[in-house]
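Asker: Below is the structure I would like to discuss, written out as structure tokens.
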Amino acid sequence: MPKNSKVTQREHSSEHVTESVADLLALEEPVDYKQSVLNVAGEAGGKQKAVEEELDAEDRPAWNSKLQYILAQIGFSVGLGNIWRFPYLCQKNGGGAYLVPYLVLLIIIGIPLFFLELAVGQRIRRGSIGVWHYICPRLGGIGFSSCIVCLFVGLYYNVIIGWSIFYFFKSFQYPLPWSECPVVRNGSVAVVEAECEKSSATTYFWYREALDISDSISESGGLNWKMTLCLLVAWSIVGMAVVKGIQSSGKVMYFSSLFPYVVLACFLVRGLLLRGAVDGILHMFTPKLDKMLDPQVWREAATQVFFALGLGFGGVIAFSSYNKQDNNCHFDAALVSFINFFTSVLATLVVFAVLGFKANIMNEKCVVENAEKILGYLNTNVLSRDLIPPHVNFSHLTTKDYMEMYNVIMTVKEDQFSALGLDPCLLEDELDKSVQGTGLAFIAFTEAMTHFPASPFWSVMFFLMLINLGLGSMIGTMAGITTPIIDTFKVPKEMFTVGCCVFAFLVGLLFVQRSGNYFVTMFDDYSATLPLTLIVILENIAVAWIYGTKKFMQELTEMLGFRPYRFYFYMWKFVSPLCMAVLTTASIIQLGVTPPGYSAWIKEEAAERYLYFPNWAMALLITLIVVATLPIPVVFVLRHFHLLSDGSNTLSVSYKKGRMMKDISNLEENDETRFILSKVPSEAPSPMPTHRSYLGPGSTSPLETSGNPNGRYGSGYLLASTPESEL
């Protein structure tokens, strides 16, 4: 009796099999089924076709442990956006008030859709292309669109890692190279670089020394050789990590996923000990409740939830496809989502502690500069000394004393006050000066670290953390490209991965020009937002409305051993698609109301200026969006008009946990012997499907079905509910 005798008995039950077929199956004797040959008639001479019987579950690589898998998912979902985008949005949208819409949308959009992607990847054990082709062939373009979006994101994301590598190596100096403005000699006279003097040392180092940025996107300025080398190093590291496979990548994840938390914890402890850190923390948690009613806040919170978990990229599906079938992906979805949120809050605490310290430093600098102005006015008798409170000591002027003096002068000299050019030096104003995106990491943080004791050490730790966070996300992004392509087209993994990295490096040279930062902005803000939203909406529709939410819940029950909460049924069926549709509409309206643009650094002004993209850049932007979404309608149309095979000529029946994978080509509906292994018997259960999708009630024809002969989900995709059936 085979080890899976109960399954064999059930599958061989005469309830769904004709008597003659059952008799033939009863004659099977145990042999090595891997050598069996399948007779496929219908061709001249009754052609014999050898069938490869290797089990998919055994052939596919698997994680060495559950911990490796969890760390990989955390490494993919927790990225650079948690360090700079979430804190920026929190600061911009009302501090603590922003956390409320974020949490609500995380629960009704983030966790359900994250669970959905984990489940389909684990159940079907394929990358994004294979998964969506399996569920609904006409929506198979979803997987290709995911791959394209991953490619677009990977192109510029690795550039940011390259920037971090550049700063990492520059951190092994004391003092840090961005702590002071460079001095330029004009003959015998030494003067401070004008661009740096007008801005700041950290701003100058970022724009001039690191990026050597041009004044607009239209001025390419040639390649920045320093960043080109850093980009080459970044792609080399990513390529080696992906080529080694998930087992080796899993080992890397032990370090790359955990190290950032060590650094963030150290930064938080150190940050809380800084003067003014409490001011920053209080500013973060002081809610501005009026912001909660602003639709823009909800739109940005939804977008952040969407990107934070990596939905639609295919990386989540790729990683979960290497899991065991009985893995509790429901627990994984909740755990990874919570850790992602916790990381965002932890990073925000660190950012606001550092910004509170920086705000106090800048506020004190403001007080000193304005006190010097007042002293000048006193010496020139523009102001009377009677306006200065007697207890004020200019040698040790506090912020409180300055504010008292400022208010007196403003009251007495009301008519001439504006001409004095005095600044109130309010701490709140400094805290409200939001720094977005790369500026937060490469300007605000670097400036704060120049005031840290042992600043090179903290700088090395910070940029090593950014590199690790970036690499964790990049490995998942590359998995979203390589896994579905390798699964679908069976290309050699090593050659394909190396080819992808070389191609991405060459295209990535666009981002290491002097104008490269503007292209990074274009790709980051526009190339992925709309395509990813559309991808996730269609993923949700494919599972909840085409495959069927009830059927999907039943499949999850069989896979997990328990039935998921009813909550997910309503989220997948109604709430999540509706919210995503509203988000898409809002994004399109926002794009139409506000023409796309970017912040350009003007050298002569030493300041940023918002510019609109030129026509050719707009054409490129639209092309990126179209290219990312084009596979979806193209595949749908081709399969709808039968111009592209949807797999109807090959029926693939997967038997997990010891069952065979059989490919039976060109089956004739009325010849039941087409399902029987040739005269060489097999120990393994017969690959004959026994569900009524194949054998209708009272039917003697193996492929005769009631209703649509091609099934509900496309030609050749009749779903068999065997005990371990595919999704």
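In case you wondered, yes, glycine gets a Cβ from its N, Cα and C as well.
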Asker: Does Swiss-Prot give G127 and W458 the same topological domain, putting them on the same side of the membrane?
Answerer: no
Asker: Same chain only, please: residues at least 6 beyond the ends of the transmembrane segment (301-321) with a C-beta under 8 Å from a C-beta of the stretch. Say none if there are none.
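Answerer: Sequence-remote neighbours of the transmembrane segment (301-321) are 60, 69, 72-73, 76-77, 81-82, 85-86, 89, 93, 98, 101-102, 105-106, 109-110, 113-114, 117-122, 124-128, 131, 143, 146-147, 149-150, 153, 246, 329, 332, 336-337, 340, 344, 473, 476-477, 479-481, 483-484, 487, 529, 531-533, 535-536, 539, 579, 583, 587.
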Asker: Could you tell me what the rest of the chain brings near the topological domain 'Extracellular' (512-527), counting residues at least six beyond its ends with Cβ under 8 Å?
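Answerer: For the topological domain 'Extracellular' (512-527), the far contacts come to 149, 152-153, 155-156, 159-160, 162, 211-214, 216-224, 227-228, 231, 437-438, 591, 596, 598-600, 613, 617, 620-621, 624-625, 628.
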Asker: Go through 96-116, 148-168, 254-274, 528-548, 618-638 and flag the stretch with the largest number of C-beta pairs under 8 Å relative to the transmembrane segment (574-594).
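Answerer: Against the transmembrane segment (574-594), the leading stretch is 528-548.
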Asker: Could you please provide the mean pLDDT value for the topological domain 'Cytoplasmic' (117-147)?
Answerer: 90
Asker: Cβ under 8 Å to the transmembrane segment (528-548), counting only same-chain residues 6 or more beyond its ends: which ones?
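Answerer: Those are 113, 116-117, 120, 132, 135-136, 139, 142, 145-146, 148-149, 152-153, 303, 306-307, 311-313, 572-573, 576-577, 580-581, 583-584, 587-588, 591, 625, 628-629, 632, 713, 727, in sequence order.
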Asker: Counting only pairs at least 6 apart in sequence, do the transmembrane segment (335-355) and the transmembrane segment (491-511) share 3+ Cβ pairs under 8 Å?
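Answerer: By the criterion, they do not touch.
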